Structures are given as C-alpha cells and as structure tokens.
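Asks: Quick one: this structure, given as structure tokens, is what I'll be asking you about.
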Amino acid sequence: MKSVKAKVAVILFFSSLLLYLPILFNPDLLLGRHNDLQEFFWPIFYYTKYHLLNDQGLPLWLNLIFSGTPLLPDPQSFLFYLPNIIFYLLPIPIAFIISLFIHTFWGSLGVYWISKQSFKFSIPISIFTAILFIFSPRLSGYLEAGHFGLAVSFAWIPFVALSVLKITKTKSLIWPVIFGISLTQVYFTHSVTFIITATAASLFFAVILVLTTKKDTWLKNLLLFLLGAIITFGLSAITLLPQLEWTPSTTRSLLLENPDIYPKWTSAWEFLQYIFLPWSGGITSLWGIDTEKWLSLGLLPSAIALFGFWHLKKAQKIFLLITTFIITLISLNNSSPLRSFLQSQDWLALIRVATRAWFIPTFAVIFLTGLGIEHLFKRKRINKKLIILLAVLAAGELLAISWFRITKPIPTLTKSAPLEIYEFLSNDKDQFRVFCVDRCIPQQKAAEENLELVDGYSTLQQKNYYKHMWQLSGAYWNIYTLSLPPIGTYTFEKAQPDAESLGLYSTKYVISPYELTDTDFKAEKTFNNYTIYRNNLYKSRAYFRAPDAPQAPILIYTPNHIRVDTSSKPSTQLILSEVYSSGWKAYLNGVDPMKIQETPNSLRQIDLKSDTEFVDFYYEPESFKAGIVITGLTLILLVTFSVIKAQKTLA
C-alpha cells in the first residue's frame with residue numbers, strides 16, 4: 001500500500017513539474033511580468049523578510065507605500081501563513097517558484113484523495129483527475145497574472161471539500177480539524193475566495209447531508225461541521241479581528257458608491273467561446289484574453305464531463321445544474337439576463353470580479369471528467385486503449401492551453417525610472433519619502449532600495465489617505481482604485497502636485513517626466529525623461545507644532561515601534577509625519593498613554609507634558625490582542641488533541 005502511495009506521489013510530482021517546465025526554463029514568465037506578483041506580493045514578502053531578520057519580529061505596519069499603511073489586517077499580507085516561511089529561508093525569486101510548485105503538487109494530492117476516498121474512483125482514474133487539476137487552465141491563468149494568493153488558495157480547496165464529505169460520513173473529530181485548518185489557509189491566502197469557499201462548503205454540506213445521510217445522524221454531523229467552523233474562526237482570529245476592525249476605514253465601501261464589476265463581456269458567445277474554445281482565434285487571441293475572462297475548461301474534458309454528468313443520480317444532477325446555472329448567470333455579469341438585478345447587489349459589488357467563483361465549475365468538470373472515464377472503462381464493448389487515448393488527449397488539451405497561457409509574451413514596462421535616479425536617492429541618508437507622479441518606481445524596486453513611497457498599489461487603502469491624496473498629487477478622482485493615484489489619472493493628465501502638502505508628509509523628492517510648476521520644487525537632476533525635484537518645504541519625519549516647525553529626532557524607527565526625542569520641548573504638541581490609523585498607541589516617556597489625534601491632513605499629533613523626554617508609538621490594535629489570545633488558545637487545544645490522538649493510536 002505504501003509503495004502505491006509513493007508511486008502516486010511520484011506521478012503527480014512529475015506532472016506538476018511538467019506544468020512548470022516553461023517557467024523553469026524561463027523564470028521571467030512567472031517573475032518578470034510586472035503584474036501583481038512583482039508589484040504587490042514580492043515587495044511585501046521582501047519587506048516582511050527584511051524586518052523579521054533585522055527587527056526580530058513580524059512587521060504589522062507597511063512603510064513602503066501610501067506614506068504608511070496597515071499590513072496586519074491586509075487580507076493578502078500572508079503574515080501568518082506558515083508555508084510562507086520558505087520566503088525567509090530562500091531567495092525570494094526561488095521561493096516563489098518552489099512555493100507555487102509545492103502548492104500545485106499539494107492540491108493534486110487533495111484531488112487524488114477526494115477521488116479515491118469519497119468518489120471511490122479507481123487509482124488510475126484518481127490519478128487522472130489529479131493531473132487534470134495540475135493542468136487546469138484556471139491555475140495557469142493565476143500563474144500568468146501573478147495572482148499568487150489565488151494560486152495558493154486553489155490548492156487548499158480540495159481539502160476543504162474532502163473534509164466536508166468526510167464530516168457527513170464519519171464521526172471522527174479529525175475531519176472538523178482538517179476542515180478548520182484548510183479553510184483557514186484559504187482565508188490567509190485570499191479573503192474573497194475564503195468567503196465563496198465557506199459559503200459553498202456550507203451549502204455543499206447541507207445538500208450532501210440531506211441526500212445521502214440518515215436523519216438520525218444529522219445532529220452529530222451538524223455539530224462536527226460547526227466544530228470545524230469554530231476552529232476556522234479560532235485559527236484565523238489573529239488576522240480576522242483586525243481586518244474586521246480596519247475595514248470600515250478603508251476604501252472598500254467605495255465599491256458600493258460606484259459599482260464597477262468585472263469582467264465586461266461583449267456577448268454571451270464570447271463567454272462560451274472562452275470556456276470551450278479559447279484557442280479558436282489563434283494563439284495571439286488566446287494570449288489576449290483578459291485575466292478575469294480566463295475561464296477555459298477544455299472542450300474534450302467538458303464533453304467527457306457531460307458523459308459523467310449523465311451517470312449522476314437525479315438529485316445530484318439537479319443540485320449541480322442549479323449551482324452551475326447560478327454561477328454562470330453571475331459570471332456573465334453585464335451579458336447576464338439578470339444583469340440589472342445582479343449589478344444592484346452590494347455583495348457582488350464588494351466581490352468586484354463576477355468570475356471569482358469559477359473555481360467551482362472548474363472542480364466540477366475535473367471530477368465529472370474522471371467519472372466519465374470511469375464509466376467508459378466499465379463498458380466492455382469499448383476498446384480500453386481508445387479510452388486511455390481519450391484521457392491522454394483530454395489532459396493534453398488542458399496542458400497545451402495552460403502552456404500557451406504561461407508562455408504569453410512578457411509586456412514591456414513603459415514607465416520606469418532609470419537606475420541613475422536610484423543612485424541619486426541612495427546618496428541621501430536622510431529619512432524621507434519619494435513621489436513619482438506617474439508611479440515610475442515599481443514597489444519591488446522601492447522595497448529593494450529601501451524607499452518609502454507616497455503612491456502605491458494595493459487592493460485596499462485607508463479612506464483618510466485616499467482623500468488626502470487628491471491634495472498631495474494635484475489630481476481628483478472618486479472611484480475605487482487599486483493604485484494611488486489611479487492609472488487613468490497619470491496616463492491622461494499632467495497633474496501638478498502640491499509642495500507644501502507633500503512637505504508635511506516628509507516628501508523630499510518628486511520625480512516627473514514633465515515640468516512641475518510649483519516654485520517650491522527645485523529641479524536637481526534629469527535622467528532620460530525624468531527630472532528629480534527637491535521639495536523646499538520638506539519637513540522631517542517628526543516635528544513640533546510651532547512657527548518654524550523644529551525637528552524632533554527619531555531615536556527608533558521600525559514598522560511596529562517609533563520613538564521620538566522630545567527633550568528640547570519647543571512646543572507642547574508633536575506631529576509625526578505618518579498616516580493616522582486607529583491601531584497606533586502613544587506613550588509619553590514610554591509608560592504614560594496619550595491619545596493620538598488626527599490632523600486635518602490625516603497625520604498623527606499628540607499633546608506633550610512638561611516632563612516628556614520621549615514618546616513611544618506602537619502599532620497594537622486591540623483586536624490584534626484579542627486575536628492572539630483566541631488563536632493561541634485554539635492552537636493549544638489542537639495540539640493537545642493531536643497528542644492525545646497520537647497516544648491512543650500508539651496504544
């Protein structure tokens with residue numbers, strides 16, 4: 001039995017390796033696309049690694065972008081995702097490739113176990129379904145787009161499904177634990193996928209319970225499922241509670257004020273074409289399919305899945321049809337017959353991408369394809385070699401589509417500061433921020449050069465900074481945007497930033513490809529098309545509220561702790577040029593709590609006492625403290641349960 005498991009693992013390992021071959025030969029296909037992986041995940045992981053090694057603690061605050069922003073409650077920070085330890089041990093480029101490869105392999109094992117244990121497929125068919133998972137175009141789309149969080153969460157969904165199926169069939173406590181652990185990993189990696197997965201798991205559990213389980217066991221099954229939900233809450237509380245506390249002060253609510261749901265389809269035919277025939281317009285057309293429209297299921301796998309669907313029980317068919325119908329109507333978005341109703345729904349506006357739930361049809365087709373092949377093998381009149389050929393062609397179609405997507409030509413970065421600018425900035429040893437009006441400094445480069453940016457790119461920003469960015473950048477917008485300033489603003493306008501406002505935000509240099517008219521900007525150097533302007537109104541990171549705003553020296557500056565020297569006492573008020581956020585606490589002389597006030601321009605201000613020699617600022621949200629306690633207790637209980645379980649097994 002062990003030898004069979006080893007052989008299965010080897011087959012799936014090399015199948016995963018086959019998917020990643022183009023990336024292994026050309027790592028830039030994954031690492032050099034200037035997408036979310038480089039612009040968001042890479043800098044955060046680099047920043048986290050740097051401060052963990054140098055400050056001996058996880059950074060809960062991100063100084064890198066937006067003049068400072070919370071990292072702890074960010075739904076894609078990966079701070080407490082344990083498999084991310086690989087990024088602390090290896091160079092980040094290598095860690096990305098290995099991490100994604102391991103997650104793909106791990107997810108395939110989950111699909112194999114569901115197929116073998118829950119659906120009772122034969123070993124060869126179970127291996128086949130696992131290979132379909134590996135070659136899934138949905139996964140390759142995540143890789144090409146740099147959607148690291150989606151790719152990683154995709155690997156945990158099979159374990160959520162497996163544990164739900166097991167909870168309906170067994171009284172063992174191990175499956176609620178696996179359910180809680182797996183669903184927590186989905187939460188730590190992508191919060192929207194978590195919401196969809198948790199909702200789908202609840203509905204899936206209810207349907208399976210009603211269709212396949214005796215009524216006298218329903219209560220026990222329900223209690224086991226609720227136990228899994230409690231474990232999920234307990235393990236995720238360390239991040240979930242801070243996220244719930246922070247969300248009301250973020251720009252997420254803007255999605256309700258100006259709903260803008262993606263993707264936008266030209267027709268229902270385009271939707272169907274991209275699902276079944278993405279290659280019909282040629283390779284160039286396949287490369288041009290928008291990331292959120294990348295829904296391919298494969299033509300041959302879909303045909304085999306239809307045959308598998310035919311062999312389901314009537315109740316199973318009805319459930320699957322209803323589920324697929326609902327997800328299809330939602331995914332069609334503007335081409336849906338229910339578009340007016342859907343676009344009025346707040347929950348869909350908050351999700352923002354109508355095709356986020358498409359992983360559910362993807363998994364359905366994978367397992368139905370396996371079921372179809374299984375039933376073909378049971379038909380004695382059909383040549384077994386033809387069935388094997390059919391299975392190989394189905395897997396080959398998915399692999400070909402995935403390879404074509406992964407090898408999509410790498411786009412050229414059109415707005416990028418020349419190296420001379422980084423050399424110029426590195427010669428200034430002061431602590432300051434930089435603002436490039438067209439976001440010419442990639443966040444990856446900013447992290448590597450230890451630069452602090454006024455602009456930035458992230459799924460969420462604080463509302464107070466979002467609004468003040470109008471003043472800082474000299475532009476105006478009123479839409480939800482991932483980047484500040486928005487791409488459309490700096491692409492089609494020549495905004496004139498405000499020197500005084502930027503100076504108060506400790507912005508010493510402004511970089512622009514066009515002339516800046518504010519007289520307090522002094523041109524220093526021009527490299528290629530970019531000019532570096534020095535801001536004559538630049539102020540230090542901390543200063544006293546007084547006519548000449550004298551500097552207050554920074555004694556300690558780490559993401560979670562800032563100490564300011566106030567011994568000179570020229571004023572009774574201190575301003576810290578950091579964005580106001582409710583999670584920060586101030587202590588006079590390190591012990592006396594003092595309320596932090598928000599200035600009109602969203603900076604932090606505190607009142608000083610006559611004996612104040614220094615002020616400590618700590619980022620310590622109350623919800624984080626509660627989360628630590630809840631998650632800590634949950635871990636202790638799970639470890640205790642595991643030890644007791646192991647002792648019983650050994651006995």
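Glycine is no exception: its Cβ is also placed from the backbone N, Cα and C atoms.
Summarising the annotation, TrEMBL assigns transmembrane segment to 7-25, 85-114, 121-139, 145-165, 172-188, 194-211, 223-244, 294-312, 319-338, 358-377, 386-406, 624-644.
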Asks: Would the transmembrane segment (194-211) count as touching the transmembrane segment (85-114), i.e. at least 3 C-beta pairs under 8 angstroms with sequence separation of 6+?
Replies: no
Asks: Under 8 angstroms, Cβ to Cβ: which one of 7-25, 194-211, 319-338, 386-406 has the largest number of such pairs with the transmembrane segment (223-244)?
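Replies: Against the transmembrane segment (223-244), the leading stretch is 194-211.
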Asks: Is it the case that the transmembrane segment (7-25) and the transmembrane segment (386-406) have 3 or more CB pairs under 8 Å, with pairs at least 6 apart in sequence?
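Replies: In this chain the transmembrane segment (7-25) contacts the transmembrane segment (386-406) - 3 or more Cβ pairs sit under 8 Å.
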Asks: Looking only at residues six or more beyond either end of the transmembrane segment (294-312), which have a C-beta under 8 A from one in the stretch?
Replies: 132, 137-138, 141, 145, 271, 274-278, 320, 331, 355, 358, 361-362, 364-376, 390, 393-394, 397-398, 401, 405
Asks: Do we see three or more Cβ pairs under 8 Å linking the transmembrane segment (121-139) and the transmembrane segment (194-211), pairs being at least 6 apart in sequence?
Replies: no
